[in-house]
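TrEMBL annotations:
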DOMAIN    1-115  domain 'Response regulatory'
COMPBIAS  244-265  compositional bias 'Basic and acidic residues'
REGION    244-318  region 'Disordered'
COMPBIAS  298-308  compositional bias 'Low complexity'
Amino acid sequence: MAIENDPNSAQDLENIFLGLRQRVVITKFSQTVQEYVKSSNPDIILMGLSFKDKKELEFVLELRRDVITHNIPILAMIPKEDTNFITNHKALGFTDYMVKPLIKQPLLDRIHSHVEEYKFSESSKTRDNMSFVVVDRGHGRVLFQCRANLKRYVFPEFKKIFTPNFLKSIHAERICFDVRVVPELGKEEVDVFERVMKLFSNHEKVVFIAGRHMGAFIEHASDDEKMLVFMAPNEFDEYVKMEEQKKEEQRKKEKKDKFTKESGKENPPPPPTSLGDVKIEIPIGGATIPVDSEEPSSSESLTETPPNSDLPEKPTQL
């Protein structure tokens, strides 16, 4: 894969790769391309640098942090000799570099050398590694990184991993299979994964990070309600974030409903803040509100003055 923003350099690359049997993608640097690289797992990345956008270097460091892409050879295509970059290109995450303009045969030889070295290194790791499945637990999820041929290595190892005690210990965690680096994945492999999913019957969803194998899942999966398929890990992370947000909102709603139910009333109206908000009803012919609040009302006078009193009768106020 080649990432090049300069149109003239991109055209030179097209001319160099024209007629070759290898599938080469040439595109501009963007957020979409960054996600595509992490999901497609190419054999080599040619990265055109401008030395003007720090996001180019940040992207390479991000690839080095991803467990799937951290060993992919990255060849920098730089516009001019730069002593500082040449000295530090390894520390910046680049495998090698070439100065533009690129010459066809030296570039193809360099690509072939790095790809062969990368494939040999990966196959050696597979042979030397005791495990073809890496189990990564944390943050409420279990990630199974499948690192070799599914039928020959990975599926037999599942039988050793998925013991009753282990399944019981992860019953409340999100389940995710990362199959981006497996060499082949077709209908037969998808069918096996659907049988594996039955081990997680108490889980609402089982997640797959498929990368370039996404088409196989879309074409062959029959239980697409339980199976969630993503191209790249960041898509899965966004999904988890949204689900956690939904749970938090639901928890707050349930807490509020419980409080309302226990209090026996829902949001009582606020008390009046002024006399004008108070509704006073006076029956026809009844007592009137006195003008002077210090004088007793007629009703109070009638109540407190004993019958046949010698005090003169107080006239009714109009």
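Glycine is no exception: its Cβ is also placed from the backbone N, Cα and C atoms.
Predicted, not measured: the structure shown is a model, and the values here were computed from it.
Residue counts for the domain 'Response regulatory' (1-115) under DSSP (helix as H, G, I; strand as E, B; rest coil) come to 51 helix, 17 strand, 47 coil. Looking only at the domain 'Response regulatory' (1-115), the predicted model's pLDDT averages out at 88.
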